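Annotated features, as they stand in Swiss-Prot:
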SIGNAL    1-20  signal peptide
DOMAIN    21-149  domain 'Plastocyanin-like'
DISULFID  23-46  disulfide bond
BINDING   66, 132, 137, 141  Cu cation binding site
């Protein structure tokens, strides 16, 4: 009898939905200079957050490369401008730029890359932006990242 009751409790608990935080996101880029997501939400209970970037287009990275760069909203334009001068060899991100919270490498069609960053780098209430720093892309390929409760 006790075994049946224990089994019933275990099976009931196993059927409950898992409420763990989602500490990763996948974003796609394409040959039309677009991301498929305009917003990402990071649960503040996550210690780290991973972004998986996939280029679903066909063009090479020298012609239509994309990356994913995270900064404060106020720093976006300056980081993008400085990134253009850094060049493809630096993934269009100025070396040592402390305004950059995280970034992937520049990828071409059919490629993917991931980046993981510490959520402790994010401040509640701060406005964050992500964008592609490939020259000419940042004005179109952008979105917001929010820290949630």
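Keep in mind that glycine also has a Cβ here, set from the backbone N, Cα and C atoms.
Not measured: the values here are computed from a predicted model.
All protein chains shown were included, and the count of other CB atoms within 10 Å of the CB of residue 23 (disulfide bond) stands at 15. Apart from 66, 132, 137, 141, the residues listed for Cu cation, the same chain places the Cβ atoms of 29, 33, 35, 67, 131, 133, 134, 138, 140 within 8 Å of the centroid of those Cβ atoms. Per-site Cβ counts within 10 Å over the recorded positions 46, 132, 141 peak at 132. The binding-site residues examined here are 66, 137; by Cβ neighbour count within 10 Å, the least packed of them is 137. Over the domain 'Plastocyanin-like' (21-149) the predicted model carries a mean pLDDT of 98.
Residue counts for the domain 'Plastocyanin-like' (21-149) under DSSP, split into helix (H, G, I), strand (E, B) and coil, are 24 helix, 46 strand, 59 coil.
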